[in-house]
DNA sequence: CTACCTGGAGGATTTACCTCA
DNA sequence: TTTGAGGTAAATCCTCCAGGT
């Protein structure tokens, strides 16, 4: 920012002279262009802070008070609005850039965290599977009925000997309980395994997740999927 | 020092568009 | 509906000045 010096002010005793020089001819239109005084700028700045546009009546009054032409005041406000706007854009850009960098950092750390959890999950799955394979042998027959998204009670059919016993009443027989335990044991395993699969590819590229509102990112209310399924 | 060059700041102009009487 | 005046934003011009070489 340039400072208005006495040296600059010296050749022109008043802004009115400047104006007169700038408006009389076209060839010399900018010959005597000089900056406004500190006082004039200060006054214009404070007016701009309270109101970015001037009513014609106020403009005339301000021009009179500052010894400027109303046209000069109007032009000063025009330039001020334009240049303020462009600086504001720069500020907004900086803020967005900082937010983006921050979000990208969070994304990367969550990605790593998820990766570590997946590995841990795989190890746990292996631990769960081993004892089953060793101890149960052919007991996995019922596992074939466990399809994606199926719920236990609707897929476990009772055989003819059971009739409409416990199922329709919502009461579990001992056999049912056994089946259910087995079933849910398997379902849990299935569930755990399913967590390994990417449920949604919509957020796998920065282009996609960048469009997301970061505030909603950690909202766990979208039930049904574990939150880490969004981060593959 | 002095001269020259260059980039930024800021006052002013031009142009296109909008609103309103 | 048309028209002219007045206002604005955006782009640009033009001058001045500080700082580097």
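Numbering starts at 1 and runs along the chain as it is shown here.
Cβ coordinates come from backbone N, Cα and C, glycine included.
Where the annotation comes from TrEMBL, it is an automatic prediction and has not been curated.
Because the structure is a prediction, the values reported are computed rather than measured.
Of the listed segments A:30-78, A:79-127, TrEMBL assigns coiled coil to A:79-127. If you average pLDDT over the DNA-binding region (A:29-88) in this model, you get 87. With helix defined as DSSP H, G or I and strand as E or B, the domain 'Homeobox' (A:27-87) counts 42 helix, 0 strand, 19 coil.
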